[in-house]
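Trainee: My structure is below; once you've seen it, I'll send some questions.
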Amino acid sequence: MNTVRSDVKKRRRLNFKFILRKIGKMGSEKRRDGLKEYCRGISRILFGLVEVFCHWFFSLIYGNNKESMPPIKDLLLLESASTVALKIRNKKLTSEQVLDSYIERIKEVNPLLNCVVANRFDEARKEARAADVLINSGTIPEEVLAKEKPFLGVPFTTKDCISVKGLIHSAGLACRKNIIAEEDATVIARLKDVGAIVIGLTNVSELCMWWESANKVHGRTRNPYDTSRIVGGSSGGEGCAQACAASAFGIGSDIGGSIRMPAYFNGVFGHKPSSLTVPNHGQYPEPATDEQNLFLGLGPICRRAEDLLPLLKVISNNNPVLRLDESVDIKKIRFFYQESDGGSDFISPVSPDIKELFVKISKHLDKAYGIKTSKVSLKQFILSAPMWFAAMKSPSGPTFPNQLTNLKGCINPYWEMLKWIFRLSDHTFIALATCLVEKGGCKYGDEKHQFLLKERDALRLEVIDLLGDDGVLLYPTHPTSAPYHNEPLVKPFNFSYTGLVNVLKLPATAVPMGLDRHGLPIGIQVIAKHGNDRLCLAVARELEKGFGGWVPPEVDA
Ligand SMILES: CCCCCCCC/C=C\CCCCCCCC(N)=O
């Protein structure tokens, strides 16, 4: 009896060991994956806790410093740039009158928001008077003016990294604060050619390489919807200026989301064009590689969707690749949407208010046109941040410490960091941190670098294949609404929602879709195949029609 029992016990023990061994062997790979998943789960929970704690912490620092915005009293400021141009041409308004309205608005909001950092009001006034004289002379018929000078007499702003002859050209770099541009960037020259008038420059992040606009030359810009929040970067001053109606339209640049993030955080429209369709000439810093030049795009930031197309037409010189004169039938567009990148580590989850937008848009399209949207799940979106960093690597281009000296040597980031602690550095914390992490991740040409570029190329083909010539992809512009000042330091990689589109070399429009539960702007981006910008712009117009577009921060009619 006893021997039988001990035999059974022995067999059970053996069985148990066998099963354990089997699981061990069978699962050595699975176990590793399981362990990885487990660690990712833990790190996600920790990141979530840090994020919540820091949000609370930053709300204590900045949340009580909210100041209220002066309401928009002058209703002219609510008009689109195209409408203002038309009213100037047909003499319902004078260019000088429009200019005065904008100058007054800048003077009213700038002490609070710090978005316009340089101006040329006197020269602009002379140009406005000249425009009025030309119109009043009647020497050029109105239809000809509409065709050849579609923005005659309309005041606009651009960011302090796009050169405007006679104005500071610092890119937020203290050592460039005395540099005055000697010529206009090509896009500025093209806009001047069609009669638009530069009134000033708007704030940027240091060297345009961060998504909050603050630097040691001009200081920090504040969000018109809540001054304790960021305006985004690097065209943050421009996004803010458009949202508070401080100029008729603006021009930004975007290599990782610098047009679309500020447009998004400030509730206005912003378009990053298909690569190489708008000249990049006249910016500082210049793209370090041919590849970076393909990611960079200059484009419009504006309050009204109807301005996007005519502005793109001017700055691209009606580039035939864009076929901007072809009309677009919304009913013939295939709509895809993806709600998130699939849950990247160290990137905030997409807020429920933003996810809800896809449901609202789908309902709207179905109700208005019977269009059925399709939800997609492009798996490699999860690699957005690593793909962006890999694609931005350059084999020999200037390093960040070199760029911070205006290419005249190299800063010592450790020494500067020490100075920064005592408020003695000429650099922002994030610029110094970027110097320290620049060499991190993969190395140019190593196995990981090549893997990420291959993945990016495969993803690009997958997206192009999905969209074809008649499709658009709706995707969050950013996972959350505007964080508090400095809060992006806790979630630096959130920019990858826009950065992905740059390395895929596709066009995208940031479309405002109202305010979230905190009263902050939210929206989505509309992505299309290279050259199909007109689809993005048509969808932007449709969504503005359906959902109202820009919501003025305060209006006092
Ligand atoms: C304490 C936190 C240190 C984290 C350091 C992370 C460094 C990240 C560096 C760069 C992020 C790129 C942000 C791109 C912003 C948009 C660029 C653009 N001009 O389009």
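Cβ coordinates come from backbone N, Cα and C, glycine included.
Note that TrEMBL annotation is computational and uncurated.
Owing to the predicted nature of the structure, the values given are computational and were not obtained by experimental measurement.
Below are the features I grabbed from TrEMBL:
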TRANSMEM  41-62  transmembrane segment
DOMAIN    98-537  domain 'Amidase'
ACT_SITE  Lys159  active site, charge relay system
ACT_SITE  Ser234  active site, charge relay system
ACT_SITE  Ser258  active site, acyl-ester intermediate
Trainee: List those of the active-site residues Lys159, Ser234, Ser258 whose Cβ lies under 6 Å from any atom of ligand 1, in sequence order, or write none if there are none.
Mentor: Ser234, Ser258
Trainee: How big is the Cα-to-Cα gap, in Å, between Ser234 (active site, charge relay system) and Ser258 (active site, acyl-ester intermediate)?
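Mentor: Here the two Cα atoms lie 5 Å apart.
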Trainee: Starting from each candidate's C-beta and looking 10 angstroms out, tell me which of the active-site residues Lys159, Ser234, Ser258 has the most other C-beta atoms.
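Mentor: Its Cβ has the most other Cβ atoms within 10 Å: Ser258.
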Trainee: Given the model, what does the mean pLDDT over the domain 'Amidase' (98-537) come out as?
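Mentor: Residues in the domain 'Amidase' (98-537) carry a mean pLDDT of 97 in this prediction.
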Trainee: In whole Å, note down how far the CA of Lys159 (active site, charge relay system) lies from the CA of the residue listed as 'active site, acyl-ester intermediate'.
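Mentor: One finds 11 Å between the Cα atoms of these residues.
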